[in-house]
Amino acid sequence: MLDQRLLRDNPELISQQLGRRGMEVDLTKLQLIAKQERDLEEQRSNLQAEGNRTGKEVGMLIKGGAAPDSDEVKALREKGNRIKQQVAVLEEEEKGLEAKLREQLLALPNLPSADAPEGKSEADNVEVKRWGEPRQGKDLEEHWQLADRLGLFETERSVRIAQSRFITLMGDGARLERALISFMLDLHSTKGYTEVMPPILVNSASLTGSGQLPKFAEESFRCADDDLWLTPTAEVPLTSLHRDEVIAVEQLPLKYAAYTPCFRREAGSYGRDTRGLIRLHQFNKVELYWFCHPEKSAEAHEQLTLDAEAVLEALELPYRRLELCTGDMGFSAARTYDLEVWLPGAGSYREISSCSTCGDFQARRSAIRFKEGKGTQLLHTLNGSGLAIGRTMAALLENGQQPDGSIQLPAALVPYFGRERLTPQ
């Protein structure tokens with residue numbers, strides 16, 4: 001959430017920075033609500049001060065010998081009661097305006113970092129680096145073709161169980177998924193991450209804190225009878241792990257690695273990636289999350305991205321890093337790197353991780369502060385996939401395919417899977 005002080009002191013900056021995202025925002029209504037709230041706060045404060053003075057006058061009169069039931073004392077007490085009633089009315093009006101202002105502010109995305117490249121769409125994203133040699137070949141198959149021949153997952157039966165865009169992993173497919181999850185969590189634990197297994201049902205406050213609500217409600221699955229949603233990413237529960245808390249500066253940075261199933265409606269993706277593991281309603285992911293000091297967030301962003309890249313390099317998967325332009329960044333992000341893995345069967349790079357620094361945007365929405373010296377201030381949050389499991393499996397299948405129909409697995413994964421190759425079942 002954006003800082004209300006910025007709205008008051010420099011609304012032009014908000015308009016300018018949101019314009020870099022391609023948004024035209026009229027802040028007039030927001031400014032009016034904010035001014036009304038400040039005016040009410042001033043009125044309430046003045047009335048409370050007057051009420052305090054009235055109370056002191058009553059005390060001085062009685063101390064000076066006036067009877068508690070004298071007309072003068074009664075008049076002052078009646079005045080004090082009227083002031084209390086007026087203050088109560090103003091407090092309710094103030095709460096209503098606060099709620100209105102918060103509702104409006106929650107709908108605005110984060111301001112992009114000054115370092116984020118300008119642009120309108122993914123076509124303006126900037127390639128930062130490449131790693132590995134992309135495999136080329138006319139006869140290379142896509143992962144869903146390989147998986148079908150190897151018997152790694154069921155699609156048609158999954159539609160019967162649920163609906164389209166669900167799969168059931170079978171045999172070596174299920175074992176490979178489990179191996180990848182364990183491998184990733186173990187690798188991240190060596191880099192100082194604390195492993196977390198959070199709830200996958202989260203409440204509205206958690207989704208609001210991370211930035212999914214109110215804007216993206218239609219993209220999430222909601223329980224009909226409770227204020228609970230299936231989490232679209234572990235970023236949501238990890239953000240709220242320290243909601244409404246003050247953390248000692250000595251504890252920072254806090255680094256978490258969490259495996260969760262993730263659930264997304266994928267609204268607007270009709271007809272795209274209808275086969276295989278790329279775009280599903282339910283998928284598994286290992287998420288990396290940092291709470292850090294504001295002065296360390298740029299350094300933390302680079303390290304978080306390197307930690308996600310370390311998984312790809314250990315699995316010998318060629319990839320590239322892109323820096324997203326201002327028009328293509330996510331709602332909560334101030335700056336983002338996307339990692340795209342090479343899929344030789346498809347002949348293209350596909351996103352497998354998005355690593356973002358959110359500044360104090362999520363911390364303000366979730367009231368997460370740190371204590372340094374005598375005061376407290378908002379910390380910074382960062383998140384990134386480390387990695388999406390299904391897309392990693394797709395990349396392993398396409399990059400490891402052999403002429404005999406088997407799949408060669410990378411050496412780092414063999415201790416977890418138990419074999420060097422996948423062969424037709």
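Residue numbers in this text run from 1 along the chain shown.
Glycine is treated like the rest: Cβ placed from N, Cα and C.
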Where Swiss-Prot places region 'Disordered' among the ranges 110-134, 135-159: 110-134
Site co-member for L-serine according to Swiss-Prot, given Thr233, Ala234, Glu235, Ser385, out of Glu177, Glu287, Glu295, Glu323: Glu287
Nearest of the binding-site residues (Glu266, Glu351, Ser354) to Ala234 (L-serine binding site) - Cα to Cα: Ser354
For Glu266 (ATP binding site), the one of Thr233, Glu235, Glu287, Ser385 that lies nearest, given that the binding-site residues are compared by Cα: Thr233
Ser385 (L-serine binding site) versus Ser353 (ATP binding site) - Cα distance in angstrom: 5
Residues that sit under 8 angstroms from Ser354 (ATP binding site) by C-beta distance, when 6+ apart in the chain: Gly330, Thr336, Tyr337, Asp338, Leu339, Gly384, Ser385
Candidate nearest Thr233 (L-serine binding site) in space, where candidates are the binding-site residues Arg264, Arg265, Glu351, Ile352 and distance is Cα-Cα: Arg264
Glu235 (L-serine binding site) - helix vs strand vs coil (DSSP): helix
